[in-house]
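Record features, source TrEMBL:
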- 1-16: signal peptide (SIGNAL)
- 36-58: transmembrane segment (TRANSMEM)
- 99-118: transmembrane segment (TRANSMEM)
- 130-150: transmembrane segment (TRANSMEM)
- 157-180: transmembrane segment (TRANSMEM)
- 200-225: transmembrane segment (TRANSMEM)
- 237-255: transmembrane segment (TRANSMEM)
- 323-341: transmembrane segment (TRANSMEM)
- 389-410: transmembrane segment (TRANSMEM)
- 430-449: transmembrane segment (TRANSMEM)
Amino acid sequence: MGACLALCSLASCASCLCGSAPCLLCGCCPSSNNSTVTRLVFSFFLLLGTMVSVIMILPGMETQLRKIPGFCKGGSTIIGVENQVNCEIIVGYKSVYRMCFAMACFFFLFSVIMIRVRNSKDPRAAFQNGFWFFKFLILVGITVGAFFIPDGTFHTVWFYFGVAGSFIFILIQLILLIDFAHSWNKIWVENAEETNNKCWFAGLLSFTVLHYALAFTAVVLFYVYYTQPDDCTEHKAFISLNLIFCIIISVVSILPKIQEVQPHSGLLQASLISLYTMYVTWSAMTNNPNRACNPSLLSLVSNVSATEPPVDGNSGHVQWWDAQGIVGLIIFLLCTLYASIRSSSNAQVNKLMQTEEGKGFSGEEVVGEDGIRRAVDNEEEKVTYSYTFFHFHLFLASLYIMMTLTNWYQPDITTQAMQSSMPAVWVKMSSSWLGLGLYLWTLVAPLIFPDRDFN
């Protein structure tokens, strides 16, 4: 009897997994819009790939890979199939590169397929919002094929793809952070004005002070641990410049002229951007190959010599996890989730992110003839977000994850050793400067072009 019920349950989900019916997740979120559910599921695909990448760099994975028939050299075999993969060196950055290559190809493919989809009546929209089982099979198929890519120059070339993609993704993270800060400030100020409750203003002030306190503390720690009296000139310049830039955007955000055209701008946004800028600065400095200017947290805690190399050339051991990598993953997950569920009224950010102005849910849940609850199709007239840009954003996120999980290490010609590189440092720093410039532009643009509508 239980088996029959299970089969019936699986059959009822067939339209969700193999058809175009957007009913996934609707049992938990029955009052969801179709566009939101689709973005959440694609983000889950990215999260699933990230989890697999993390597992692939855990100790002991080589032993498990050898159990796959016909995969590892010296491992289990299949008659007529030659083992091609050297699992002694595939574990680690190679597995991450291949897994993220597969995710990047998957999302880039959908980015191309979904070009110029205008509404849900387009046949491609049905494939965007359904057929999840087949899309999952496509991702699995690309992943399996990626693990059989010959070494050659693949890792070196894909490293530079990862650097370029991560640079753009860091900017997108900053755009989302600006959007979140504006929405946060606007909602709390409106709540304070409508309810005449000063607690909302107290909350804004408390978080603003907290953000600035953390940013200032970070600057002090950077000067103490990431600079030397007669060395680390680049670090001194990075810290000083970003400190000055953060002060500039903070002052500009509260100028009377800016407040006239941007009544919702304030120190909350500037403080959050300043804190994120200090994180990017720290992340960049941790990629400096000069170990005297880049002590690991482990060396700081245990008083290990800062000049001790992090990579043992004899054993090939690489320290994959460090504090900035973990923080980077957390920020990545939060930004990806926010990008999936965001409903913004910020016209500038919506234009940059290719999304429509957020609207509240106004319909009732849809129940099909089979009794399955489905998401509401809110894109019959016009899509609420650019399908192509959304998938391109996930494509860039795949590259960012690849670089984060491998600590931005650059493979050498032997593909067995890893080393930090200055290109990663400059990419991160330039992205922080460009991001600060972008935020400054959002403040002064309405003042420079008063005839344009920036609301």
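Keep in mind that glycine also has a Cβ here, set from the backbone N, Cα and C atoms.
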**Study point:** Two-stretch contact, the transmembrane segment (200-225) and the transmembrane segment (237-255), at least three Cβ pairs under 8 Å
**Key:** yes
Check your understanding: Would the transmembrane segment (36-58) count as touching the transmembrane segment (157-180), i.e. at least 3 C-beta pairs under 8 angstroms with sequence separation of 6+?
Key -> no
Review point. Looking at the transmembrane segment (430-449) and the transmembrane segment (237-255), are there 3+ C-beta pairs under 8 A, with each pair at least 6 apart in sequence?
Key: yes
Point to revise | Segment-segment contact (the transmembrane segment (389-410); the transmembrane segment (99-118)) at 3 or more Cβ pairs under 8 Å | key: yes
Point to revise | the transmembrane segment (130-150) versus listed stretches 36-58, 99-118, 237-255: most Cβ pairs under 8 Å | key: 99-118
Practice item. Sort out the residues at least 6 away from either end of the transmembrane segment (99-118), same chain, that have Cβ-Cβ distances under 8 Å to it, and list them. Key: 42, 45-46, 49, 52-53, 56, 124-125, 127-128, 138-139, 142-143, 145-146, 149, 158, 162, 165, 382-383, 387-389, 391-392, 394-395, 398-399, 401-402, 405
